[in-house]
Amino acid sequence: MARAWTLFTLILWVAELVLWGDGSDVLLLQTAEKGSPPAMILPLHLSAPNSSNFNFNHHRQLRGSHPNARMRLHDDLLRNGYYTTRLWIGTPPQRFALIVDTGSTVTYVPCSTCQHCGTHQDPSFQPDLSKTYHPVKCTSRCNCDNKKNQCTYERRYAEMSSSSGVLGEDVVSFGNQSDLAPQRAVFGCENVETGDLYSQHADGIMGLGRGELSIMDQLVEKKVVSDSFSLCYGGMDVGGGAMVLGGMSSPADMVFTHSDRHRSPYYNINLKEIHVAGKRLPLNTKVFNGKHGTVLDSGTTYAYLPQFAFLAFKHAIMKEAKSLKRIPGPDPNYNDICFSGAGIDVSQLSNKFPAVDMVFDNGHKLSLSPENYLFRHSKVRGAYCLGVFPNENDLTTLLGGIIVRNTLVMYDREHSKIGFWKTNCSELWQRLHISDAPPPVPPNVKGTNSSNSTSLEPSVAPSATLYNLHQDELQIAQITIVISFNISYLDMKPFITELAGLIAHELDVNASQVRKL
């Protein structure tokens, strides 16, 4: 949860949000009451900050023999524990916030008939309101409900949560900035959810794993995208990012490693060594090849190493961070390894914590910055905790989202390899001009089976349709935010950078665009 800032009477600080660009994005500031019209409509003109390491043209590179779905990511690891994207299902489209999960195969959302579902970000899916919905009828190839009418699914997870329901088929839309038109796809309509799935804010899961029900496998089977997808998670204080379903050209300096689909049902990589501060951990290379090997799981928050490897990693980090003070973790129920005295500036963490290199079997290595293995202490300012834990009795090495923050990860399933490229992921989606506006399905779409249905052409975004906006008619140079405090400027000064970051996060823009007047 974002820190609350109380407003007082003495005006001491003003923030300026400067917006550049071509007006390709629109921010809708809505009133609190659901269903009410927007109170203000602002076009966001986003800049191309100099901090980016981009050296190639995405608009040219992303074009290929197949279209792709370019989708924005939301949320972050510290506050949410996951990243989500927006998916629209049905005709007319119903919106859902789904956790992107490479460790799951089924995409599912709460159904209006759900008997045990929590309160989530969006309303449950209502099949009766969609003109194009069809239940997946019971066959010998699936598990069926008690009446033998409809196929069912059930998924259980390591943290003891579960999801179960029926399978349906409908039109799925990916956002109107995607080349990929809406497609028919099979998904899960939840009737029961338990554990974290019940209590989480996100609506459901978008399964990107390998399997017949995976959204990727379905799109590839239809031959509408290449057999590849990419994820780019934003950094420690920014979150967000981008996702591309389908192929894209890789940067010249992207680091690849082999991924054997026959090794395990998950996306694995051939990790051989870990180096801390340039020194190889004294481990047998086989330690990272136990059970499922080394697995990338975007739906897992942190990283988990086999016990022996974790101890070696922990001792190496503590040795290099000996100038920092060891403090208790934010949750007394866990024995987190935390340090204070590193400061609040993430870009300076490398001065206090060592670099970590993951070395693959082909000799290529992925260099990790401190934000790839640390998370902020939620109760002590300027303190950080180790985001790597022992995997108890499991010999699998599990690398969650924290490891790939600010890293473009390309899952090239067609060529059995996974690529890594360090970059600023919060800027990546801006350069791809990714939008989260839903593309309305044309009104003449008929409910047909996937076998004989055709691709639907994307339409104009509702924001332009409903409010008749034209981007060249509205120009906003800046937004000035006045915040009052009852403390002196000198006392407030150390917190201004953090406050600017919070403002940027809430407005979904770069922190560099928020300036103190």
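The first residue you see is number 1, and the count goes up from there.
Every residue, even glycine, has its Cβ placed from backbone N, Cα and C.
Automatic prediction, not curation, is the source of TrEMBL annotations.
Here's what TrEMBL has on this protein:
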SIGNAL    1-23  signal peptide
DOMAIN    83-421  domain 'Peptidase A1'
ACT_SITE  Asp101  active site
ACT_SITE  Asp297  active site
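Its Cβ taken as reference, Asp101 (active site) is surrounded by 23 other Cβ atoms within 10 Å in the chains shown.
Asp297 (active site) sits 7 Å from Asp101 (active site), counting Cα to Cα.
With a 10 A radius on its CB, Asp297 (active site) counts 21 other CB atoms from all the protein chains.
Confidence in the domain 'Peptidase A1' (83-421), given as mean pLDDT, stands at 94.
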